[in-house]
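Trainee: Positions annotated as ATP binding site by TrEMBL: GLY12, PRO13, SER14, GLY15, SER16, GLY17, LYS18, GLY19, THR20. What TrEMBL lists as domain 'Cytidylate kinase' is 8-227.
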Amino acid sequence: MSNTSPVITIDGPSGSGKGTIASRLAKLLGFTLLDSGALYRVLGLAADREGLAPGSDSETIAALARRVEIGFGQPNVDSPWVEGSVWLGSDDVSLAIRTDEASAMASQVAAIPAVRAALLQRQRDFLGANGLVADGRDMGTTVFPDAALKVFLTASVEARADRRYKQLIGKGIDAILPALLSELEERDARDTQRSASPLKPAVDAVIIDSTMMSIEQVMAQITDLAREKLDR
Ligand code: C5P
């Protein structure tokens, strides 16, 4: 990687709050945001739309990963897309990629090593002239091993299920807490036990357990760390 723009990675399990933190931090610092989970989600959706079942030939899904057109509305740049929106070609899939089915499809395609290899350079290409905040599972371990700051944000599975439950109920969507808990446990197991880039903290990551913290407290701690590391 010859680009010397700073990178901050935020990895962690589903529901740890890393997406919210990454997007706030990118906005605050004027950096580009890479929501790498959204890449896997769009790919899972594209595979499904092309009739490729999760058990399809890995190379066929990897070929799709290389050619699929994915667009993000960025917080800090003039973009044709609304901030935070995600596109599959000319189709706004911002909501479609957040369903439970899409989450499951994402973690299934993400377990295929050839898919991860196909998306590696595409993820690195997000690093432009300003700087990058990248959130996901393997940002600090595999995609940006030289990042200036690596955070591993975690929380107990109960706290994460509870947050998701409140979020859904708040949006008027029916939810069953025990079902959410077991879905999270299933996804955690798939993400931590796969052979390609499993979910684990980088050796030089700062581990933050947000079980008993508010999003504002987590944000304050990470902002301090970022200012310290980036010297600004
Ligand atoms: O972060 P998010 O929940 O949107 O990610 C969806 C799925 O994509 C995860 O469950 C995981 O399987 C996969 N993923 C991954 N590596 C990343 C980001 C996401 O394997 N860097």
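Cβ coordinates come from backbone N, Cα and C, glycine included.
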Trainee: In the same chain, which residues outside the set GLY12, PRO13, SER14, GLY15, SER16, GLY17, LYS18, GLY19, THR20 have their CB within 8 A of the centroid of the CB atoms that define the ATP site?
Mentor: ILE21, ASP135, LEU153, ALA155, ARG160
Trainee: Other than its own, how many Cβ atoms are within 10 Å of the Cβ belonging to LYS18 (ATP binding site)?
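Mentor: Summing over all protein chains shown, LYS18 (ATP binding site) has 30 other Cβ atoms within 10 Å.
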Trainee: 10 Å Cβ neighbour count around SER14 (ATP binding site)?
Mentor: 21
Trainee: Ranked by the number of other Cβ atoms within 10 Å of their own Cβ, which of the binding-site residues SER16, THR20 ranks first?
Mentor: SER16
Trainee: Relative to ligand 1, which of the binding-site residues SER14, SER16, LYS18 have a Cβ found under 6 Å from one of its atoms?
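Mentor: The binding-site residues passing the 6 Å Cβ test are SER14.
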Trainee: What average pLDDT is reported by the model for the domain 'Cytidylate kinase' (8-227)?
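Mentor: On average, pLDDT over the domain 'Cytidylate kinase' (8-227) sits at 91.
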Trainee: Restricting to the chain of GLY12 (ATP binding site) and a gap of 6 or more, list residues whose Cβ falls under 8 Å of its Cβ, or answer none.
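Mentor: Those within reach of GLY12 (ATP binding site), by Cβ under 8 Å and sequence separation of 6 or more, are LYS18, ARG137, VAL151, PHE152, LEU153, THR154, LEU199.
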